[in-house]
Amino acid sequence: MKFELDTTDGRARRGRLVFDRGVVETPAFMPVGTYGTVKGMTPEEVEATGAQIILGNTFHLWLRPGQEIMKLHGDLHDFMQWKGPILTDSGGFQVFSLGDIRKITEQGVHFRNPINGDPIFLDPEKSMEIQYDLGSDIVMIFDECTPYPADWDYAKRSMEMSLRWAKRSRDRFDSLGNKNALFGIIQGSVYEDLRDISVKGLVEIGFDGYAVGGLAVGEPKADMHRILEHVCPQIPADKPRYLMGVGKPEDLVEGVRRGIDMFDCVMPTRNARNGHLFVTDGVVKIRNAKHKSDISPLDAECDCYTCRNYSRAYLHHLDRCNEILGARLNTIHNLRYYQRLMAGLRKAIEEGKLESFVTEFYQRQGRPVPPLNVD
């Protein structure tokens with residue numbers, strides 16, 4: 001992987017990630033394909049929304065179908081027939097969200113398989129091996145996603161263990177001879193001094209890119225913005241910056257304003273299945289009765305397959321009848337909305353008009369622009 005940085009506007013950056021499997025224009029949003037599929041979508045449909053890279057879930061693909069089935073096909077690309085790059089998370093977030101059925105040690109994490117209850121162990125080395133078999137174009141280190149709220153002492157211990165696990169991840173990644181990219185993950189909760197130690201330690205180990213983890217886990221938006229404003233300038237400028245698990249459209253806008261290059265989130269797909277659709281002026285809840293006889297498109301400014309062909313009334317009807325097609329059409333639209341938003345942000349950065357774009361984005365939704373506390 002090669003990262004090319006073209007231009008900046010304030011702290012926002014316009015560039016691209018170059019892989020053997022294709023080019024990803026940044027800032028980029030990555031749809032989430034947890035089980036080897038972006039829910040309800042064929043790879044061709046995902047590509048048609050404008051997505052150039054997707055995310056796969058190491059933890060879930062390890063449990064089902066498992067490494068051996070994956071290797072029978074080649075790798076995850078061959079298994080699911082996605083031709084572009086794939087980033088895989090390390091499994092850390094899923095393990096730590098298991099709560100009471102897991103035990104964290106210095107060696108790794110002991111837990112019960114949520115499918116059948118069998119005892120399982122996952123550590124940095126195993127995570128690197130699974131992601132190697134998946135053929136991930138971007139591999140994420142195995143870390144502890146520090147929960148929120150966490151006091152300073154807990155956050156410090158968690159961050160320090162994540163640093164030790166980062167080194168173990170790096171060592172196993174290298175010993176496997178993996179030629180793809182490995183990203184470090186910055187932890188430290190909402191504490192700037194801990195984030196400083198994490199960034200410094202990860203840069204000393206050396207990675208192809210750096211993710212900001214442990215945000216969007218329940219902390220106030222002001223804390224997320226503050227940590228991004230503090231951390232992003234410390235990440236080497238020639239490396240991509242990835243904000244994990246984020247988020248709402250406004251979170252993407254605010255991340256880009258603060259220097260983030262990559263995002264992922266289940267929100268566009270999950271919300272689509274719940275009839276919660278993103279449009280230029282905000283959100284449409286398609287199951288509301290007011291859409292029953294509305295023959296207008298979902299979003300007159302959207303060029304997606306759904307908006308070009310179907311009315312709000314039809315989408316409302318499908319949702320009320322629990323038709324699978326409704327969830328699919330909604331997903332196509334939400335994914336395209338996110339990609340159109342990213343394309344708009346990229347163009348605004350190129351033209352040096354990002355803040356004008358941001359102002360219009362919030363004005364269309366009748367909301368104030370959040371403050372930006374950067375030099």
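Heads up, residue numbers simply count up from 1 along the chain you see.
For all residues, glycine too, the Cβ spot is worked out from N, Cα and C.
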Range among 21-27, 63-69, 245-251 that Swiss-Prot annotates as region 'RNA binding': 245-251
Region 'RNA binding' according to Swiss-Prot, located in which of 114-118, 219-223, 269-273: 269-273
Residue among Asp133, Asp143, Asp151, Asp153 sharing the substrate site, where Swiss-Prot lists Asp89, Ser90, Gly91, Gly92, Phe93, Gln187, Gly214 as binders: Asp143
Same Zn(2+) site per Swiss-Prot - residue from His225, His230, His276, His333 joining Cys302, Cys304, Cys307: His333
Overall pLDDT for the region 'RNA binding' (269-273), taken as the rounded mean: 98
Cβ contacts under 8 Å made by the region 'RNA binding' (245-251) with residues that lie 6+ beyond its boundaries: 93, 215-217, 224, 263-265, 267, 278, 337-338, 341, 361-362, 367, 370
Between Asp89 (active site, proton acceptor) and Asp143 (substrate binding site), the C-alpha gap once rounded to whole angstrom: 10
Listed in sequence order, residues with CB under 8 A of Asp143 (substrate binding site) and six or more positions away: Ser90, Gly92, Ser162, Trp165, Ala166, Ile185, Gln187, Gly213
For Gly214 (substrate binding site): intrachain residues, at least 6 apart, with Cβ closer than 8 Å: Cys145, Thr146, Tyr148, Ile186, Gln187, Gly188, Ser189
